[in-house]
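Novice: So that we are looking at the same thing, I have put the structure below in structure tokens.
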Amino acid sequence: MARFIALWMGTLLQLCHATIYTNDWAIKIRGDLESVNRIAEKYGFTNMGQIGDLKRHYSFRHHETANQSKIGNKEVTDRVAKETKVEWLKQQVVQRRVKRISRDFSDPVWNRLWYIQCSDSKACQSHMNIAAAWRRGYTGKGVVVSVLDDGIEREHPDLKPNYVSALGWDTLLGKGTLIISSLAELLVHGTQCAGVVAAAANSSRCTVGVSFHARIGGIRMLDGDVTDIVEAQSLSFSSGYIDVYLAGWGPKDDGATLDGPGPLTRLVLQNSVQTGRQGRGSIFVWPSGNGGERGDYCSCDGYSNSIYTISISSSTQHGSQPDYLEPCPSTLATAYGGWDREEMVTVGPQQSCSTAQSGTSLAASVAAGVIALTLEANPLLTWRDLQHIIVRTSKAHHLSAPDWRVNGAGYKVSHLYGFGLLDAESMVKEAERWKQVPSQHECAEEAAIQLSRLIHPGSVLMSVHETTGCSSKAPQHVAYVEHVVVRVNISHGRRGDLSITLTSPLGTTSQLLANRPLDNSTEGFQNWEFMTAHCWGEQAAGEWTLKIQDTPSQKKDGVLEKWSLVIYGTAERPYPAHRERARSAEIPTDSEEYSGPCDPECNDDGCEGPGPQQCVTCLHFFLKFKNNTRLCVSGCPRGFWGDRRRCKRCYASCESCTGSRSDQCTSCQPGHHLTEGTNTCTAICGENYYLDHDANMCRKCSENCLKCTSYSICTECKPHTSLQGNRCQRSCAAGFYHDPQEVTCKPCHQACATCAGAGVEACNTCAEGYLMEEWRCVSSCSAGFYATEPNPEIADGHRICRRFVYLLVAGLILVVGFHVCLVHLFTLCAPLFRCDASCLTCVGPSRWNCSSCSSGHSLALDEGRCVVGCASGKYQSGGRCHLCDHTCATCVDAGPANCTSCDTDKFKVERYLYKGMCLDACPEAFYHTKQRTCEPCVDHCRLCTGPNHCLKCNASYYVSDGSCVKLECGEGEVEDPDYDDCMACEQGCKKCVLYNPRHCLSCIEGFYNFQDGCYKNCPAKTYSVEEEMTCIPCDDNCVSCDEHECYWCESDLFLLGILPSLGKT
């Protein structure tokens, strides 16, 4: 019965989640502001300005579209998308965002600051040491915190001393936040959070903020239509001045929602950690979620699940778990935010005091204050430095959780509390002496999907991916883990039945997803990213195991379509570390080999001295020199690339590379430039290329350009073309177009003033007396359109025919002209047409005006028409024709992995089909055919140009007559994988170890084996065992012996069975 109720509630929640479209579009346009405004005017938009700090991203508002609708305006989106300068656009939808706190109001209280100063009278088992950080002199001075919420009551006496009006912004009103008294009662949540962070000391009425000298500002973004544009603008507002952004909200914590940042907000988060705070990275603090009582899991919240945010959990002062707490492995740490008997005091609306009753947004507010103290201690900390400090200093203490585990790097971690309770004093002390961590690397690899990828009800599907941490690609190499992201595509009839775990090579298991009883969605997961921080500090290389379990409510298989592993971390160890070499039980003497500490780059096999050139084997990579010596390094230096732990030299002009060939460069030596498309380095850009100084790359000019200064600005043209403005075009007079097939100029259609080709639909501008109507020039507007007057602000402005808005009522269409019918509703708005016979519903009378198709004729909707089959470059799904991925010529479904044939890219470079994907080049062990497909090379071949023409073989094989032959090394030789040849073992060795020919596994006849070496005669202090041809060490203090007795002792010792120096017999 309980399960039935959960399923019913989940279904009800799904029905309540209808998408609401607004009349705002986000659009990315390549061009200057004049071009942007021209496109806006052409399609009836108003340009609302750039979106935050995102260059070339604009907010457009369409006044002929309803400001809220359950149906998106696909027609407008499709028309604007055809503009060559438009790179991307999306109609905005209302995001459901909820505040993560409850509240109550009371009289002023001063004695409830238990989360700041925990005393014995409060029966606290541990505290966050905030007051201890104050005593060290840190109060948040010079640090700026912005609260993204429902606004801040800036006149509150506790906030006024620290409030900065320049940091206030109202996304609803579009101007600086000037809160009047009539609105003050609405500003509850943001005001509470601001009080916890930065309420002033001494003169305060209600409380003292954690960082009471920090500057505070507020962005009012909730309580209205929250779209991707609103979030992006808020999170990038004044990013050069604001240090910490505090968000006390997120998607609905209802146990059924799967939601996260839109494309603009994701781009802002990614850009802000690179450019914010003068390049040190903005700090984003997020609550982990309040949906625990509804079985929610914070991995389904894309904000707290991001590597760019610091996700904060909550605890009561006694260390117990609040009922609302959501577990997940992306939570980094915990702060106090709940209560058993004691409430948290903060400021309230209308200059009141408030006692806030639990919520992870309060915990996040406390954390933001602690972070402000830390940034005051060291303002040069980067966003990743701060996360490292949190991981290293947070304490498990008394926090009660059943899943505390120690990961492979020695950190204690929990799905409920992350790495533990924040410790403000430890954080500021660590910040004072902090050395910036090495640069972040990203290693992304798609896991191979086994044949059996069905998720059977009640069973577990396991998929194992082995990685080297991208060790062969220096810019992507990750040796030490920070964040791990698993990106999955899963089809399933009920998403809430799934649970997912990831186990690292060192055995740390992260619960990426637990069952959610209220989640009845049939959408599964489409490119959803699960993030875990539980493997922090572990080594990346090895086997990562993904397990998906289905706890069935229905008897239908799910499918793991694909998954990929993205590991973020460093190639170098972020902190100093020393490991002692493992030694045998023998007692060392002055004459024996080295027994001290090894360099951190030595593997567990030990070393012969303290330096990185004295390792027996290397932990990561080694550089080999001409004198046959080796140096162990954490990553290959510039000019080298990693190949099976050896650093090999790049081509002479390459500064970094993925292989030794000239066309495998990724960056160039000084004085050289990387050529786009060829991956070669050249000193001078060739014809049809220009130098992009910012990227130091030779990029291709546009078509017909012989020389250019940028892609769109030609300076010299190819034969048979001439420079017209900045472009190279066939020299045709006005009113003519160039026909490339007949290589001649032909007249435009009579309706065109200028054109790009034949026909009335190829007009660029219309001739005198004609109007532009949806890419055609007409003498008068067609039925269903009305004429607009030209815009005098646009130089080439001309009259346009705009479409009436149609309403379908009882099978008839009512024309509602936007500028006409509002005034003359009864005289001009009359029933006119029925839909075309091919349409089920429509927005106009033509067969091009269908909005849905009749299901009985197997028709699909394609750009307003109902067609029997989709055109080339499109696929049919859900009764509609959809564009294939831009890499495909033909396809069977969406995405780049469902191509059936390939076309050339925009630079006319061919692509090749490989496992449903169209690639610029075939992967290793494949060659491309004339049919634009990738076919496998012969067995054991790594590089080939045809089915029987191998150029390079796998390790242990060599090329012979176009095939790969097994390399057979003789006695006393070992394979040299760097040169596909055999090299000699140390003298006397019959068999030795790869990469270390001095390490003998067996000896040739006549040589004795002793400690991994072969000797013609046994060395001193040993005796021979002829039957086994081995050397055995003598007893201690004996120089010469056999298996029965010692014949000669060390100095000061005697053979008579007496040891005077030791005083015993």
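Cβ atoms are placed via backbone N, Cα and C, with glycine included.
Taken from TrEMBL, the feature active site, charge relay system applies to D149, H189, S361. Taken from TrEMBL, the feature domain 'P/Homo B' covers 436-573. Residues or ranges marked as signal peptide in TrEMBL: 1-18. Look at TrEMBL and you will find 804-826 tagged as transmembrane segment.
How buried are these features, and what lies next to them?
Specialist: According to DSSP, D149 (active site, charge relay system) sits within a strand segment.
Of all Cβ atoms in the shown protein chains, 33 besides its own fall within 10 Å of the Cβ of S361 (active site, charge relay system).
The average pLDDT computed for the domain 'P/Homo B' (436-573) is 92.
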Novice: By DSSP assignment, list the helix, strand and coil residue numbers for the domain 'P/Homo B' (436-573), in that order.
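Specialist: Final tally across the stretch: 6 helix, 70 strand, 62 coil.
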Novice: Using a 10 angstroms cut-off on Cβ to Cβ distances, just flag whichever of D149, H189 is the loneliest among these active-site residues.
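Specialist: Result for the active-site residues D149, H189: minimum number of other Cβ atoms within 10 Å at H189.
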Novice: Measure from the CA atom of S361 (active site, charge relay system) to the CA atom of H189 (active site, charge relay system) and give the result in Å, rounded to a whole number.
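Specialist: H189 (active site, charge relay system) and S361 (active site, charge relay system) have their Cα atoms 9 Å apart.
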